[in-house]
């Protein structure tokens with residue numbers, strides 16, 4: 001114990017071992033400076049079937065390892081590192097920092113202070129096996145930083161919780177690999193009334209959940225997942241992937257990289273309630289893939305924007321249900337000088353807008369909506385449905401199924417300027433319906449055709465392509 005003084009435990013090119021077996025090991029510093037330092041040696045803090053407490057109250061707690069090995073281990077016990085109204089810093093420079101908890105409880109807590117876990121040019125590993133790993137920051141700043149190294153946070157058959165309440169949670173990876181893994185457990189990253197930021201600069205961000213539940217939640221704050229010149233991958237295998245933002249602003253951005261959101265035999269849900277959901281890909285590839293599962297993108301009383309600039313936007317569903325819904329809001333899918341492809345194979349593709357504005361635009365590109373042996377439905381109820389192609393190719397195709405374009409008490413506009421407008425139905429039913437509204441099919445300067453082969457053509461219009469239905 002050190003009261004209003006300086007407590008220093010120093011090891012230079014040697015072995016410093018503090019071991020507690022079936023007892024209580026307590027290192028306390030009150031209103032002072034507690035420094036545990038290892039330079040070019042081995043620093044080991046071990047607790048076997050006991051209690052290891054490192055406590056700093058209104059002071060500075062520093063655990064530092066320079067060019068050596070720092071190991072904090074707890075086996076079938078309780079490991080607690082606590083900082084109250086102070087500064088807790090765990091730093092590893094060009095070494096190996098390992099915090100391990102096996103069948104126990106590992107708790108790193110910072111209350112009204114600054115908790116910093118930094119790894120520069122080394123390996124930072126926080127591992128919890130069949131236990132509970134909790135990293136909590138209350139009204140403070142929690143920073144986990146990895147520069148030119150490997151940062152691994154892993155939970156196997158346990159519960160991994162990273163929580164930030166009314167503070168700032170920042171996980172940054174610069175020119176390295178950031179891996180957050182959860183195997184057969186629950187991975188929860190939550191931000192309440194604060195800022196949650198996951199950034200990757202010239203590196204790889206991988207968030208993987210296998211046979212578990214992956215939840216990224218932001219309540220009344222800002223959720224930002226950013227990847228600059230790297231690879232951002234969010235993957236859920238046989239589990240539930242949920243990205244939820246309530247009364248906040250979620251942003252998933254990829255600049256000159258690859259953004260991949262993958263769900264295999266599970267449920268992928270991206271929900272925005274009374275906020276703005278923005279998925280942006282600039283000069284890269286944006287891929288949202290759902291294989292034998294349910295992909296749901298929902299926006300309620302907000303604005304949903306999916307934008308692709310000079311890239312390729314691909315939304316694919318194989319053997320499942322792809323549903324894009326907008327209720328009392330604005331749904332805008334825009335592709336500029338790129339390829340916008342919506343593909344549904346042996347499934348159901350539904351684009352629905354209720355009491356809002358549904359706009360699908362393609363400018364100097366290719367817009368393709370394809371449904372093979374399924375049901376393709378584009379519906380607008382009491383709103384405005386606009387499908388526009390300027391100087392490109394607009395193709396709506398249904399092979400061996402039902403193609404339905406409906407507008408009820410609204411305005412349906414399919415417009416084509418200076419390209420090819422083709423609506424085809426082969427061996428199926430083609431329905432273009434307008435009830436108590438205005439149906440406008442306009443073609444200027446080139447070719448306009450509605451073709452129905454071996455099926456039932458409910459409504460046929462003239463080559464001018466303009467009609468008014470009561």
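Just so it is clear, glycine is given a Cβ too, placed from its N, Cα and C backbone atoms.
Caution: TrEMBL annotation is automatic and unverified by curators.
Per TrEMBL, transmembrane segment is recorded for 6-30 (among others).
Summarising the annotation, TrEMBL assigns transmembrane segment to 51-73 (among others). Residues of the same chain lying 6 or more positions beyond the ends of the transmembrane segment (51-73) and with a Cβ under 8 Å from any Cβ of it are 20, 23-45, 79-100.
Look at TrEMBL and you will find 79-102 (among others) tagged as transmembrane segment.
For 114-136 (among others), the entry in TrEMBL reads transmembrane segment. Same-chain residues lying 6 or more positions outside the transmembrane segment (114-136) and placing a CB less than 8 Å from one of its CB atoms are 83, 87-108, 142-163.
Residues or ranges marked as transmembrane segment by TrEMBL: 142-165 (among others). Same-chain residues lying 6 or more positions outside the transmembrane segment (142-165) and placing a CB less than 8 Å from one of its CB atoms are 110, 114-136, 171-194, 196.
Within the chain, the transmembrane segment (177-198) has long-range Cβ neighbours (under 8 A, six or more residues past its boundaries) at 146, 150-171, 204-226. Feature annotation from TrEMBL assigns transmembrane segment to 177-198 (among others).
For 204-228 (among others), the entry in TrEMBL reads transmembrane segment. Using a Cβ-Cβ cut-off under 8 Å and counting only residues 6 or more beyond its ends in the same chain, the transmembrane segment (204-228) has close neighbours at 173, 176-198, 234-257, 259.
Long-range contacts of the transmembrane segment (240-262) within the same chain, counting only residues at least 6 positions beyond its ends with a Cβ under 8 Å from a Cβ of the stretch, are 209, 213-234, 268-289. The transmembrane segment annotation in TrEMBL covers 240-262 (among others).
Beyond the transmembrane segment (268-291), the same-chain residues lying 6 or more positions past its ends with a Cβ under 8 Å from any Cβ of the stretch are 236, 240-262, 297-320, 322. Under the heading transmembrane segment, TrEMBL lists 268-291 (among others).
Marked as transmembrane segment by TrEMBL: 330-354 (among others).
Residues 335, 339-360, 394-415 of the same chain lie 6 or more positions beyond the ends of the transmembrane segment (366-388) yet place their CB under 8 Å from a CB of it. Feature annotation from TrEMBL assigns transmembrane segment to 366-388 (among others).
The transmembrane segment annotation in TrEMBL covers 394-417 (among others).
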